[in-house]
Each structure stands twice: as C-alpha cells, then as structure tokens.
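Features of the protein shown, as given by TrEMBL:
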type     : residues : note
DOMAIN   : 22-91    : domain 'NXPE C-terminal'
DOMAIN   : 253-734  : domain 'Cas1p 10 TM acyl transferase'
TRANSMEM : 269-291  : transmembrane segment
TRANSMEM : 355-375  : transmembrane segment
TRANSMEM : 395-416  : transmembrane segment
TRANSMEM : 446-466  : transmembrane segment
TRANSMEM : 473-495  : transmembrane segment
TRANSMEM : 507-526  : transmembrane segment
TRANSMEM : 561-579  : transmembrane segment
TRANSMEM : 599-617  : transmembrane segment
TRANSMEM : 659-680  : transmembrane segment
TRANSMEM : 692-711  : transmembrane segment
TRANSMEM : 731-750  : transmembrane segment
Amino acid sequence: FKGGDTCEYLLSSGRFLGEKVWQPHSCMMHKYKNSEAKNCLIDKHIVFIGDSRIRQLFYSFIKLINPQVKEEGNKHGNIPFEDKSASIKVDFLWYPEVNGSMRQCIKSWTEGSVAKPHIIIAGAATWSIKIHNGSNEALTQYKINITSIAPLLEKLAKSSDVYWVLQDPVYEDMLSESRKMITNEKIDAYNEAAVRILNSSSRNSKAKVKVFSVSKLIAQETIMKSADGLHLPESSRDTNAMILMNVYCNKIMKPIDGSCCQPQPPLTLIQKLAFCFFTLSIIGYLIINLIHRNNFRKNKSCTDLESGEEKKPAINTPYVSTLEMLLHSFCKLGLIMTYFYLCDRANLFMKENKFYTHSSFFIPIIYILVLGVFYTENTKETKVLNREQTDEWKGWMQLVILIYHISGASTFLPVYMHIRVLVAAYLFQTGYGHFSYFWIKGDFGVYRVCQVLFRLNFLVVVLCIVMDRPYQFYYFVPLVTVWFMIIYATLAIWPQIVQKKANGNCLWHFGLLLKLICLLTCIYFLSYSQGAFEKIFSFWPLSKCFELNGNVYEWWFRWKLDRYVVFHGMLFAFIYLALQKHQMISEGKGDPLFSNRVSNVLLFISIVSFLTYSIWASSCKNKTECNELHPSVSVVQILAFVLIRNIPGYVRSVYSSFFAWFGKISLELFICQYHIWLAADTKGILVLIPGYPMFNVLVSTFIFVCVAHEISQITNDLAQIVVPKDNSTLLKRLLCIAGFFSGLLLFSAMQDQSKH
C-alpha cells in the first residue's frame, strides 16, 4: 500500500467489477440517493465549464439531485439548473475551447466583486483538435492558454474545489468524417500538456487543482458502446458523476460505505481510556512475567546435602496464577483490538466494495460442504440435537452466513430468504437449549445467568468501546441476550415449573403450557404495537443499548423479524423432552427415532416441507412481503431439517467435526467479521493484499478465524475469573461491573455533550 490520500485514488485509478460497478483503487464508493445529494450540496453553487462532454457530465450530476431532469435546451449555450428546496444552483457554461474567453470567465471569479462557485469542474480539448484539423500549432496554443489559466485556477482552489477533467479516448472507427482528425494520439498529447502544466503550477502550493483522470479509465472500457465514438454512454457518465459526488460529499456526509476521501475519525475519550488500560495490562503482564522468571532462577529446586531430599520453594500459586491469567488475557486482547482498530478505523488497509455473482456465493458453499462431509465422525451420544450435532449445525450455518456476507449475496432475494432461516435457526437453538437446561436442571441461580450474559456480551462490549459503535450495531448479540432473559423470566417467575416437579403431578405440564401461551400473547401484542415496544426500550438506560441512529426502530425491526422462532424452540424442547420421558421415541445407536412406518411418513413430510419452503423462498419477488410472512413460516424448514437430521438412526449417530469446530466459535466468528474480514462495518471487504483477490481472502480468512478462536479462549478464561461460583465474591464482582457500566455511561454522556 502506497499510503497517501484516498481522494487521489478515487480521481485517478480503479477497475470495473462486472460491467457497470466501478471499484476505485483502495477505497469504497458510496451510491448517493437524491435526498443525500441535496443534504450535502445545500446552499452550494456548482459550475461546469467546457464542451459537450462536460455538458453530459453536468446532466448526469444534476440527475443525482433531481432524476426528472430532461436533457434539452441549447446544446451550444449556457444551461442553468436550480433546486429551490435545497438552494442548490448548478450551471453549465459553454466554453468548448481553452482560450481567452474561458480565461476571462475564470478570472471574473477571482475578483472580489463576483461570488465564487463552491465547486468548479472544467475541461476542453476536442474542439481545438477539430477546428484546427489536429495541427501542432493548435497544441502549442493550447499549452499557452492553459498556462495562463492555471494560476487563476490555483487561486480559486484556495477557497473552492476545482477539478480539471482530462479528455476521454475516442472510438476512432465510429467517428464521423468531420471528427476523423480527433485521434487518441492527439488526445494523449493534450492530456499530457494539461497534467504537466497544472502539476508544475501547484508544486509549491498547498491549494491544488485536482486532475480528474479516472474518466479516461472508465472510457477505455466503455467507449465501444458510444453512439458516435466521441461521447460516453450514459452509464459511464453516471459513474463519473457519482465519483464527483463522493469526492466532495464523503467528508461531509461520512457514509459508512464510502471510505474514499474520508479522514480517519478522531479518538474518543473512551477509546483513549481503553488504549491506556490495554497498554497498562501489557506492561503489567511483562513485569509479572519478568518477576516470575527471576524467582524461578533463584528458587530452582535444589538438593539438601544432609537428607538427600529435594527442597521445593513455597509459592502462593493460586493468587499469582489468577492475576497472571487476567493480565495475560487482557494483554492478548489488547493486541487483538489494536488489529481490529487498524483494520477498520485507521486508514491503513484498503477497503473494497462487494460485488455479487452466483459463482462467488455457490462455489465456496459447495467447497465447504465437501470439506464438512469429509470430516465425518461418530457422536458420543445419539440423542436428538446432541451437543456435537448442535455445534455442527451452528458451524455450517455460520460458514454459509460468512460467505453470504463477503459475496454481497443479500442483493439476490432467494439467497437472502434462506439466510433469514439460518438466523432464525440459531434463535430456535437458543430457545431449545436454554429451555432444556432450566427445565431439566431447575438451576435459576445468579451464577448461571451471569455466565451466559458474560459469554454472550463480553466481546461486543469491548468492541463498542474500542470501535466506538453502539451496542445495537451488533444486533444479533442484543437479540440472543434479550431472548435469554425472556426465557429465564418465563420459567423463573412463580410458580417455577421444572421437570422434577412436573413428574410428580401432570397438572404442572398444563401450568407450563399456560406460561408459554402468556409468552406467545405478549410477543403477538408487541409485534403489532410498535409504539408500546419503542416506549419500553426508549427508557434510559435501556435506550443507550438499543438505540441506533437516534431511535429504536432498527431494534424493533430485528426483533419482529424472528419474533416467534424462540417460542417455537421452547415448545419443541418441551414436546421432545415429554416424549423422551414417556419413552415414545427410540434414541439408540442406529435406531430410527420412531417405528419404521411412522419414521418413513415423517421423513417424507419433512423433505416435502423443506423443499416447499425453498421453492416459495426462491419465488419471492418482494422482500417486504416475504419478511412479513417469514416469522410464521420459517419454523417449517427448521423443523423439517431437525427431523431429517434426527429420524434416521445412522444420520443421528454421525456428525462433521469440521463444522462442529467452527460451531464452537460461531458467535465470535459472527461478531469479528464486522471489522477484520469485512470492512467499513460489513459494507465492504478488507484488502490486506491488493491485486490478488483470492490470495487476499485466504490470508484475511486465516487471520480472522485464528483471532475468533483466540477471543473464544480469552472469553472462557475471563468468565472463570469475572464470574466466580462463590455467591459473596460474585456479588462483589457484580458491584464492580455495575460501577464500570456507570462510568461508561458517564463518559458516553460527556462525549455526546462535547460533540454538541
């Protein structure tokens, strides 16, 4: 990576992804909507000055503000445009040659009496070639004229954004007879002259006329589609206009997926404190390590000469090892968080836009499925949804979701709908797993709750601090956290009904079903009462956790999208455990779950249901309508999969250790991808090795998986220290955690106040 300003790359280099998607070198381009363009350019005056090619660029630019604009009016004259709602004024000034007239026009803006435009886009040359029949004298005169204009442009560049558009190549075979003298050789000569003069003029000046040369690269790929061999096709002009919009607006609007021309965000107070904490942890760990090594040298086991026995030094190991483990974990975490920050907050590594093709999604899917089948092993137990099987399920789902994200497959609706089922399946497992634990164990203690909450939220809380992102940004963790608390509250509230109690009296089963019906009623009410839902989560300090962009709508949308599936998971667990208790299912190794006849019928229904859902999802035409149906129907494919996976005895008795390994770190993989595999908060792709897409993906994936595995180990180690089993110690730790979050809220409030 050469370093430097990403604006220069945006204006000078890039490549096409497919036919129409332009990818600037090293950074991401945002696609501006009309409302965003108006907000950026409010009260601005923009001037396009030049020939017919600049006029085309002018029209493409104003269509970003108002798509209804028609390309009409005097082609060889000035064209005004004004958007009164945003007080935006855009003018095209017809000056087809770089001559005295153009110089006079530019000079008038440098004089105090005339208001200067905020943005000036200029360029011309083809008319000079055409009128003078491509003579060398015309090129000489062009150099003289642009030399006289350059100081004026430099003067304007001190207070305005000034762009000089280089001439695009032509498609010589399509040029009319009157334009045959406009050759690419002549155009290159004029461009070289303009670049040399403008660069030499600004060599010792801070203000600089920006050379818009990227249009040449775009034209080289698309000029063959030109109607006359001279003017660019509409899609290419629109790309050039979007580049101009990114150059000017990204630093103002700061879009997440527009990394070009964006400065590195300043460190917040909380980020600075986090940096100090991790630095002190690293120093502390190194000091303790050094002390231990010195003690080891001094207290090496030695032999007592009189007794011949070995003397061992007495060291208070438990306390030292706990402190050392704590510092060691924070030391590793600090180094990992530095990598996170460098990848997605510092302008050190490149970022690129996603571009979806069917092959970029389906080929990796086939590859990992083959790998998963290759690593098949026998399970330790053959129960329905045993630990190895659920880890395997989480693992392959997570890998598919990762491929979905990096390939940009959300633009393809059938894939999107199937991925929605995978997210729902994860929540189904949440309902199934936590219900099963509380029902069988009857353990509603604080220790269990704190362990689960810590393991779910530790990484996200650290990332919120280091990456300066709200908690709701990592939407999946708030989702599983809230659902865990709902499951806990449902079962822990009086009367506490667990399996042991229900076995003594069957009426308790009806009591539990009544609880589940109450839960379903509450879910139904909240899903159709957005106001009530938003009021609940708008209370401080809950609002600090669930707000995104100043409101809780995103949280309501995410919760509503999979609102019934956790309930379905709980209900499935209840029915399965009841059947298991009454010995109505057979879970022996190699045995079908039910009798052969029932198993075959259920298997047939499951396969038909699974395929029916896939056909429906693949025929979806409207994302909004399909999302409305998804909460009610997603359970069909989930249950179908569970039955297909568990009814045949052989299938239930094996699992993929490859997928199960990834399943054990699935949560870390899902969260880490935001910043060290994808980029710009999942909107783009991290580029560690430019120019080699496949090699880059291999390297970044290897680091990403290693980091996720390491964070999983750190979380497990810290969970044992931060959440001890002893109740009195746990209470003290909880008070410390409460103090930590109170301090975090205080510093967050101070940050918000300083911004305002």
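Each Cβ is built from the backbone N, Cα and C atoms, and glycine gets one as well.
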Exercise. By Cβ distance under 8 Å, which residues at least 6 away from the ends of the transmembrane segment (692-711) in the same chain are close to it?
Worked result: 332-333, 336, 339, 406, 459, 665, 668-669, 672-673, 676-677, 686
Problem set entry | Interface-richest range of 355-375, 395-416, 446-466, 507-526, 561-579 toward the transmembrane segment (731-750), CB pairs under 8 Å | 446-466
Seminar exercise, completed: Outside the transmembrane segment (395-416), at least 6 residues beyond either end, the same-chain residues with a Cβ under 8 Å of its Cβ set are 354-358, 360-361, 364-365, 368-369, 372, 422-423, 425-426, 617-621, 623, 626, 656, 658-664, 666, 669-670, 673, 677-678, 682, 685, 697
Exercise. Are there 3 or more C-beta pairs under 8 Å linking the transmembrane segment (659-680) with the transmembrane segment (446-466), counting only pairs at least 6 apart in sequence?
Worked result: yes
Problem set entry | Any contact, the transmembrane segment (473-495) to the transmembrane segment (269-291), with at least 3 Cβ pairs under 8 A | no
For this session: Note the mean pLDDT of the domain 'NXPE C-terminal' (22-91), expressed as a whole number.
Result: 93
